[in-house]
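Report on the following structure.
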């Protein structure tokens with residue numbers, strides 16, 4: 001077992017000083033004022049008209065990852081293999097895992113893809129440790145044809161003609177033989193096999209691009225996570241069954257071959273698939289790693305390289321891409337790897353790092369050890385044609401995947417119920433490092449309206465799930481790559497890092513990585529490391545957050561006579577119908593009580609009801625900077641006072657944005673009247689911060705989405721109210737961009753411009769139409785990238801077929817994937833029925849890659865006709881969609897949510913229930929339940945507050961015939 005050394009851990013490095021490393025400076029070289037300035041960031045996009053760090057804005061009825069972050073198993077399957085591992089919970093019962101009689105040690109894998117026939121041939125030799133006396137070996141395969149099998153033990157052949165059985169449902173091949181191999185032996189299993197280079201973006205698959213002459217060309221690439229290594233080669237496809245890998249790729253001499261490791265040798269051989277000569281590229285043996293991290297790629301590729309890190313780093317792309325667009329990601333990767341080595345006190349253990357843009361890719365990116373794969377738009381950046389939000393998205397994605405090289409790859413979760421250990425930490429670490437590199441972006445401010453709200457939104461549904469969710473079968477795994485594993489997981493880590501202190505938290509992580517390098521862990525192992533570093537009872541506190549679904553709303557009542565606050569916690573559900581069985585968990589709530597004396601970070605509220613002393617009632621706020629995972633419900637009088645405190649500068653940006661988010665969620669669920677939310681928002685009309693405005697407009701967009709099918713006089717009043725809020729600010733900021741505009745100001749201008757256009761501000765709409773006219777006449781610089789999506793959407797909303805064809809042409813012929821995607825997303829803004837149907841037809845056409853089907857569909861959410869037609873389309877084309885996107889691949893659930901969750905009425909709810917009721921929903925059942933919950937929540941909201949909202953608009957003069 002080959003292990004690379006891990007350096008001993010020195011004393012903790014101050015977190016602020018650690019951040020200086022990203023600038024190439026030692027702490028002693030930097031003034032204290034600069035150290036203090038290295039503080040918080042992140043910027044989600046406009047909830048309307050602009051591209052976002054999320055593929056869909058958060059005001060969508062149900063949060064979902066449109067570009068799902070990836071995608072078990074099998075027999076009467078034996079007991080869990082890992083009962084001896086430490087951990088906080090026993091959720092192993094019922095897992096379908098492979099038998100434990102043998103354990104893989106090393107794979108020698110040779111593959112020869114044929115990029116014309118779109119198939120490949122392979123040979124795998126697996127070295128095995130025989131744990132128990134055995135006369136059978138079971139391993140995973142899926143859609144492979146095994147041509148020959150042989151077994152040897154201790155250097156002697158046992159059989160070259162064993163009995164080979166296959167269980168398709170369990171995706172298990174079992175090899176049986178007469179002679180028993182005794183425990184303690186070393187065995188070898190050899191398979192020769194063939195497989196298809198499929199077009200489903202899983203396993204070993206083909207990805208296409210267009211060559212200079214217009215010819216379609218292919219590369220062969222991989223996506224193994226979670227359980228698709230078995231589609232590429234026979235293997236023991238479970239995270240805990242780590243082994244070493246020696247991989248050889250056979251290809252034409254002019255093609256590039258890549259894998260996790262660097263090249264050991266390249267030789268000329270006779271091809272088995274053709275009559276000519278080919279090259280065999282053998283890669284050095286890997287460290288111990290899980291099968292889902294294995295990667296290999298063959299294709300015509302260009303690259304750029306950096307030597308600014310200890311090992312070489314390259315960015316690769318197909319010939320149809322400008323490889324120089326990888327420069328930003330390349331340079332950031334070099335700095336980030338150095339930063340992470342220092343943060344984790346652990347050297348990156350591989351001899352190189354490659355990152356590659358894949359033309360067909362279902363996720364945003366995949367952290368394959370030493371060979372990270374990305375969607376083109378998530379690694380290549382043309383700063384001349386892309387906006388600030390795209391740059392931020394790429395930075396976050398690159399730093400997320402690089403964090404996985406330690407947290408996930410070096411130390412790996414024991415099983416898929418621990419997915420959050422990988423994804424929650426990588427999400428938190430990407431924000432932590434992004435803040436260090438780009439302090440002017442203020443990402444921790446944006447975290448409150450981004451990851452935190454995504455987590456709270458999904459977790460407010462009855463159909464949510466715990467962070468540590470029991471996973472039994474392969475078809476369950478894809479559905480937990482969601483906002484709970486990523487956003488709630490990272491929010492829990494943010495909460496505990498604040499509770500322990502950032503330096504102590506990082507030191508605990510260092511200890512965890514050092515102790516478990518090249519191994520597997522459960523959640524309890526992380527809690528133990530943090531407890532050892534801090535001396536605090538981390539596990540007893542955090543188990544409640546990770547093992548239980550949901551979060552509380554903390555209701556605040558005041559007792560001035562006693563000088564106390566009385567707090568009560570209850571489960572929060574967006575549907576507002578909490579039942580006793582829903583409300584059994586008492587959460588340890590970190591109060592973060594802010595008063596005029598500062599913030600009390602150590603207060604923990606861990607009872608159903610409790611009283612807390614405060615200095616006075618002039619000013620206080622619960623959940624300072626919104627580091628806690630809960631909603632806070634104040635009396636209307638206190639909410640008004642907090643609004644006044646915000647105007648006086650007593651609340652941070654995080655406090656203000658979080659307060660609006662809480663108020664919006666509480667109004668939607670019935671804890672407060674929606675009229676109170678509208679009054680609170682109206683009082684923020686002089687707000688100066690982008691993040692706060694983003695949340696204000698997100699909450700108004702949620703209201704608009706729920707009222708989408710209501711009487712026109714009310715929806716017009718809501719539009720008039722939005723216009724009265726945003727127009728002045730939009731005109732003040734303007735929509736001209738200069739090099740002097742900071743990162744946040746660029747996004748602020750884009751946000752206000754887009755929302756003013758959505759609200760039919762005539763000046764903004766006219767400006768958009770003028771820019772678009774010049775653009776279509778040949779001035780490609782007429783529309784700034786920051787507002788390209790807003791301009792396209794406005795002209796489509798107010799135009800017809802001419803404008804539609806112009807945007808469609810841009811989708812077909814724009815030079816970058818980013819611009820193509822913007823055009824594709826915006827087509828749904830057209831409201832004419834004929835154009836809506838063209839958009840829906842386009843989504844299933846060959847012009848739109850499977851990875852991008854969600855884009856034109858998501859654009860239809862902005863108008864009632866689009867929402868209705870999209871749902872009708874899903875029903876009418878269900879069989880075609882199901883065949884094209886089978887549930888085992890993960891994208892079907894996304895389309896289900898996009899197409900159904902924007903519905904709002906009781907009649908529509910019944911229609912969705914009736915459509916999906918009789919269907920076998922295996923593989924997308926969570927998506928259906930979450931969509932139904934989202935529709936129910938809007939139905940209840942309308943039932944409670946329909947009259948309240950109309951009354952508020954009437955009293956404030958926004959109904960037709962009153963002031964506009």
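Using N, Cα and C of the backbone, Cβ positions are placed for all residues, glycine too.
In TrEMBL, annotation is done automatically, which means it is predicted and not curated.
A quick note: this is a predicted structure, and the numbers were derived from the prediction, not measured.
If you check TrEMBL, you get these features:
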ACT_SITE  401  active site, proton acceptor
BINDING   400, 404, 423  Zn(2+) binding site
DOMAIN    103-293  domain 'Aminopeptidase N-like N-terminal'
DOMAIN    328-545  domain 'Peptidase M1 membrane alanine aminopeptidase'
SITE      486  site 'Transition state stabilizer'
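All protein chains considered, the CB of the residue listed as 'active site, proton acceptor' has 26 other CB atoms within 10 Å. For residue 486 (site 'Transition state stabilizer') paired with residue 401 (active site, proton acceptor), the C-alpha to C-alpha distance reads 13 Å. The separation of residue 401 (active site, proton acceptor) from residue 423 (Zn(2+) binding site), Cα to Cα, is 9 Å. The Cβ of residue 400 (Zn(2+) binding site) has 27 other Cβ atoms within 10 Å, all protein chains considered. For residue 404 (Zn(2+) binding site), applying a Cβ distance below 8 Å and a minimum sequence separation of six or more within one chain yields 367, 422, 426.
All chains included, 26 other C-beta atoms sit within 10 angstroms of the C-beta of residue 423 (Zn(2+) binding site).
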